[in-house]
């Protein structure tokens, strides 16, 4: 079978000698002009902020299970989770480069119902995470400004920071990308300095401690901390249409970010657990700043607290960009009405997606932080199970399709590679609380209802949708 696509900056031409392998294919959506597209370095930092943003938030792993298991967790978990997820994202994003991202993958693998449900799970995961970042930001700032610790002032601070950061996102993805570079450098610098200063103070025997006697292991907190700090590699796929030369840029950016992220977690963790001896229960979110004061003084503590604020800003911007462009991508492939695909005339950004994502996240900002993270992890687990299944099925369904980047494994090895993280996903879901089950169940039912509502609106022509355009691949 010969199927070929030729792409040019302004035109797409297709030629077929036989009918496409499928009757309903999806378009490659790349609507941003070339000089406004993301290049390699900003993309690396955007992926970095999609996933980590620095070692802020890794502290509860030590509190939950002790130094040794925390160190092993951040050493081993990237190989059984982050690397497989990044490999899959690299292959699928370069094979199906559109702003629909994982929605396109599930749709092409299993059909529109599963594509829509994937969109629901991933979008809700995204806005739940967006809600957590202003909360983290204000939590660090209360160490500098105690007035923000509670009451009306705290609520107003969360509201004001959310609205301001959303406006920054509105000004353009290119700007957000370069802001991410600056934020990444400033927020990581104090940890590099702290780690260097800590070297002569390190006692290696502290690394092998399983924790204090009498402190019970909290496996729920431990695994959720690892999961939350090392996932979301696939979120950048919803911006594939905004990247310059995505088929070459995406794999390099993803693999660079994996190395960057893992080193950013493990080096400060080794430095602090080796140099500082404190009560295990002191390892709450934000303890790294206190450790910096013990190691070097208040000046470094202040820098890390400022860095934490900047890091959460980067996390917010990256996640909001993914969520907003996901809605735009879903509108371009007719999963949502055309209205969701509207772009700003000034900045070419998906303003409808930004407003909707911001509004939902604001409503969730006042939930308990742990409930926010657990609900996000559960929904993300559902989406990732579907994503792994889509990856395997697409390899089987389109064995000869042109893949600019291809995971160098045969199908049986790919199944094994996916089964290991899938087992972890099932475990994360099994240890969830009843409240998380309830929240996630209601959101899933809502997503199913949304799919049938959209189909009804299409059939009755109540709303305007884009027409699906066949995309032709070389097979």
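All residue numbers here begin at 1 and follow the chain in the order shown.
The backbone N, Cα and C atoms fix where each Cβ goes, glycine too.
Features as listed in TrEMBL:
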COMPBIAS  9-28  compositional bias 'Low complexity'
REGION    1-28  region 'Disordered'
TRANSMEM  39-57  transmembrane segment
TRANSMEM  64-83  transmembrane segment
TRANSMEM  123-144  transmembrane segment
TRANSMEM  178-200  transmembrane segment
TRANSMEM  252-278  transmembrane segment
TRANSMEM  372-393  transmembrane segment
TRANSMEM  413-431  transmembrane segment
TRANSMEM  437-454  transmembrane segment
Tally Cβ pairs under 8 Å between the transmembrane segment (64-83) and each listed stretch (39-57, 178-200, 252-278, 372-393, 413-431), then give the stretch with the top tally.
252-278
Using Cβ atoms only, state whether the transmembrane segment (252-278) and the transmembrane segment (372-393) have three or more pairs under 8 Å that are 6 or more apart in sequence.
no
Which of 178-200, 372-393, 437-454 shares the most C-beta pairs under 8 angstroms with the transmembrane segment (123-144)?
372-393
Give the nonlocal contacts of the transmembrane segment (39-57) in its own chain as ranges (CB under 8 Å, at least six residues past its ends).
82, 136, 140, 174, 176-178, 180-181, 183-184, 187-188, 191, 225, 228-233, 235-236, 239, 243-244, 249-250, 252-254, 256-257, 260-261, 264-265, 268-269, 285-286, 288, 307-308, 311-312, 314-315, 317-319, 321-322
Of 178-200, 372-393, 413-431, whichever stretch has the most CB pairs under 8 A to the transmembrane segment (437-454):
372-393
Other parts of the chain folded back onto the transmembrane segment (178-200), taken as Cβ under 8 Å at six or more residues beyond its ends:
41-42, 45-46, 48-49, 53-56, 168, 264, 267-268, 270-272, 274-275, 288, 291-292, 295-296, 300, 303-304, 307-308, 310-311, 313-314, 317-318
